[in-house]
Every structure is written in structure tokens, then in C-alpha cells.
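Asks: Would you mind keeping the following structure in view while I ask a few things?
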């Protein structure tokens, strides 16, 4: 009991401590007021276009949030995920985690076009991704956070990095922990950021193994609620239906809340990488239980952790460039 109280006190202290806008390992600063003079309407432009896109399709909120994640986990938060293939670039859009999966590029294009008209060659695509992720989260009921700005855009992409560094649905918990640790993110960050799966959808191919042959013995995953598994099998057969979509949070799939964690407690996490947070580690299980019981604490930790993630190896100063078109480098 004393251990649980101490653990809760530590987490509360983390949530209430001030956000630091510096890089995790030192270096130049990102700060929310970066465009206040150079592009004073930048925030308003991003927010309005994101709001229009989410009103048209609620799922877009999760898609834009996911773009920020999948960008930062490769070479840092540098908009490399937005680059199309060219003579010198193999697009990260072709990687296993992204192919036929990541989306929302047209919304980013629309935002960039509007910003280029308002203040040419000023707002980076990397900062657009960070702002769109925040605005999307808020629009569907999630927490607000100040977005540190001042990132610049990469001159290349890394399909190898995308394949190797983005956590996968079938990764072991230790592999996921390692992938987060390599980016300077800890267990609290891992569990809190996993809570982004409170919105969005996943393809049958991402969790089919859990339904039919989780460990190679021809049996379903014993950590998956049997009734929920039967429901999933209706539209996710042993073969075929790979692209069929299922909500990551079956209770409130378009609302950013803590039902994702409540689902894990009742063995109704959709992905293996979600459910193992509750079943494979006492430390992550405790966090899941805390967030399931306290949505406000989850919101506090999520906001802190996504700012921390947004600080992964950004390009600043004279590094990289400010792309005119997010899909290609300026001098392709």
C-alpha cells in the first residue's frame, strides 16, 4: 500500500512540474511564441483547417495525431514522414508501419498552402504536424498543451528508420520500452502516449494473430476477452479482410478520454501492444489502473509526454529548411 501511495505521489509530481521546452539532451530551444511576429495568424490558420477536416470526418483527429508520432519516432520531429519518393528519396510512406495506413496528408497540404499565402517560407511542416496533433486532440475532447515551436524540415527521409523504430502492434513490451527509451522517453511517457489509442481505428491485419494463433499453438490470445474476440472474428477472418477497420476504443472511439485504459483492465484492448501494458509488467499495469481511475491524471501526463516527444531531435537554426511544399524538398 505504501508503495502504491509513493508511486502515485511521484506521478502527481511529474504531472504538476513545469514543462521544459528545451531538448532532452540540451541544445537550442523551441518555444510556443516562435511565430508570434513572423506569422501571427499561424495558430489560427492551423486550427481552422484542422477543425474543418475533423468536422468532415471524426477519424481525421486520430490520423493527424498519429502523423506526429510516426514522424518523431524516425529521425526526430522533422516532417520526414511527409516527403514523397523522388530520385534521391525513398518515402517513409512506403514503410511497413505506414503503408496503406497513415493518412491526413491532404489536410497538411491545405494547411501549408494557407500558411504560404499568409506568411511565405516561414512555418515549417514539422511545426504544422505538432500543432495539428494538439488541435486534433482538443477538438475531440482531449487536453490542451502549449506547443513548443521552431522546428525546421528535414532534407531526407529514412524508410529503414520507419521500419525499425516505430513501435509495432506485435512487438513485445520490452521491445516497445526499448524503442521509447532510445528516444529519451520513459515508462510514464510510453503508457500515457499509448492512450492516444482512445481514438482512431486499426486494420484487421494488425491484430488477427490475437484471434487465431497468438503464440503459434493455434489458440487465441488468452488475455483477450472471449466475447470481444468473437465479435472481432465476425469481420476479421483467418484470411481476407485485411483492411477492415475496427475502433481502437470500442466504447468511445471518437472521443479522447480514458476509456482506452478501462478497456485494457477488462481485457478489451484491441492490439497486443495495448493489452500487454496491463498484463506484462507491474509498473505499466499500475499506470494503466491509475489512468483508468483518473482521467485528469491521464490528461496531465499525456500533455507532458507529447511535449517531450515533440522535442525529439528537432532541426533548428540553420539546420534543414522550411519547405515550400511539405511533400518535397525545396531543391529536389
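In case you wondered, yes, glycine gets a Cβ from its N, Cα and C as well.
The signal peptide feature in TrEMBL is assigned to 1-22. Residues or ranges marked as domain 'Plant heme peroxidase family profile' by TrEMBL: 29-330. Under the heading disulfide bond, TrEMBL lists 39-119, 72-77, 125-326, 204-236. TrEMBL lists 66 with the feature site 'Transition state stabilizer'. Annotation comment: TrEMBL describes 70 as active site, proton acceptor. The Ca(2+) 1 binding site feature in TrEMBL is assigned to 71, 74, 76, 78, 80, 92. Residues annotated as substrate binding site in TrEMBL: 167. Here TrEMBL flags 197 as heme b binding site. Sequence annotations record features per position, and here TrEMBL assigns Ca(2+) 2 binding site to 198, 249, 257.
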Asks: In this structure, which of the binding-site residues 80, 198 has the fewest other Cβ atoms within 10 Å of its Cβ?
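Replies: Counting other Cβ atoms within 10 Å of each of the binding-site residues 80, 198, the minimum falls on 80.
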Asks: How far is it from residue 66 (site 'Transition state stabilizer') to residue 257 (Ca(2+) 2 binding site), counting Cα to Cα, in Å?
Replies: 16
Asks: Going along the chain, which residues six or more apart from residue 72 (disulfide bond) have their CB under 8 A from its CB?
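Replies: Looking at Cβ-Cβ distances below 8 Å from residue 72 (disulfide bond), excluding near sequence neighbours, one finds 183, 309, 310, 312.
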Asks: Determine the Cβ neighbour count for residue 257 (Ca(2+) 2 binding site): the number of other Cβ atoms within 10 Å of its Cβ.
Replies: 19
Asks: For residue 78 (Ca(2+) 1 binding site), just count the other CB atoms lying within 10 A of its CB, please.
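Replies: There are 28 of them.
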Asks: Return the residues near residue 92 (Ca(2+) 1 binding site) by Cβ distance under 8 Å, restricted to its own chain and a separation of at least 6 in sequence.
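Replies: Listed in sequence order, they are 70, 74, 80, 81, 83, 98, 157, 158, 159, 161, 162.
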Asks: Quick check: of the binding-site residues listed here (76, 78, 167, 198, 249), which one has the Cα closest to that of residue 125 (disulfide bond)?
Replies: 78
